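First comes the structure, then the notes that go with it.
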Amino acid sequence: MSLQKLMEPEAGTNRTAVAEFILLGLVQTEEMQPVVFVLLLFAYLVTTGGNLSILAAVLVEPKLHAPMYFFLGNLSVLDVGCITVTVPAMLGRLLSHKSTISYDACLSQLFFFHLLAGMDCFLLTAMAYDRLLAICQPLTYSTRMSQTVQRMLVAASWACAFTNALTHTVAMSTLNFCGPNEVNHFYCDLPQLFQLSCSSTQLNELLLFVAAAFMAVAPLVFISVSYAHVVAAVLQIRSAEGRKKAFSTCGSHLTVVGIFYGTGVFSYMRLGSVESSDKDKGVGVFMTVINPMLNPLIYSLRNTDVQGALCQLLVGKRSLT
């Protein structure tokens, strides 16, 4: 089947363009909307405050000027970006009692969401590679994970994530939407928009499948293999304190990986379902709100260096100047 055929609308469909979508949101009862507003506002403030605090600690604390914390600082930026793409717009709709989003704004939200989510995939992989070198090859670690290598890994991650997000957005822009225009979600995402298209989504679903293999399966396999080597190396450490410290740094990362990939698999591996459900909204909340809010807690609670840097930052022993 040709590329042109895949992008053609189905015969007999009305080709009238949809100018805006209606996002049904998390709840549709007016009584619950103030509660949802307060909870989302609280989550947004906690997430931005927590992640920006970790970023500030990484920048000002010399102990944290190491590759692992360089990647952690980047992860904090991503977490702030991820929740900012969805939550402020939803808060605005709750305040204005308007649930519409323009077609262009919907595509923009789709692009930035997949840009940041894709970057998350590659950054978590880079963090696993960092732990692999630090624990399994400590003698060459400083050379193989130099500042140049760190920056190259982050730059390559941004380039791959940008390419993926742009591909999905351009492919989505080729679809025809002729009604209905109600999105059973609180932000614009691929599976929900596929269900509203009156043209074929075969190409889009194929692209999503290929992207999942490249950006989810391959990184997850690499992370799993890396940590298998890490566990084998840690078990050979004779010092109980050394084993505990190694497992604590790796445990935080594995927890974040498990939550991130678990929610991602549930969201994008269910394209055969006929319609969106409240489960999709729950997973969406986990991906865009809970994950970014939990990440700083997961890393700070299990890492004494981060805890110490945050305490120094909060009591004012160090300043950003």
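Each Cβ is built from the backbone N, Cα and C atoms, and glycine gets one as well.
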> Per the topological domain annotation in Swiss-Prot, are Phe194 and Lys281 located on the same side of the membrane?
Replying inline: yes
>> If I look at Swiss-Prot, which residue among Asn14, Asn51 would I find recorded as N-linked glycosylation site?
In response: Asn14
>> Can you tell me which parts of the same chain pack against the transmembrane segment (67-88), counting only residues 6+ beyond its ends and a CB-CB cutoff under 8 A?
In response: 40, 43-44, 47-48, 51-52, 54-55, 58-59, 109, 112-113, 116-117, 119-120, 123-124, 126-127, 130-131, 134, 145, 150, 154, 186-187, 249, 256, 287-289, 291-293, 295-296, 299, 305-306
> For the transmembrane segment (282-301), which stretch among 35-58, 110-129, 150-167, 206-228 has the most Cβ pairs under 8 A?
Replying inline: 35-58
> When each of 35-58, 110-129, 246-268 is checked against the transmembrane segment (206-228) for Cβ pairs under 8 Å, which one has the most?
Replying inline: 110-129
>> Name the residue among the disulfide-bonded residues Cys106, Cys198 whose Cβ has the smallest number of other Cβ atoms within 10 Å.
In response: Cys198
> For Cys198 (disulfide bond), which DSSP three-state class applies?
Replying inline: coil
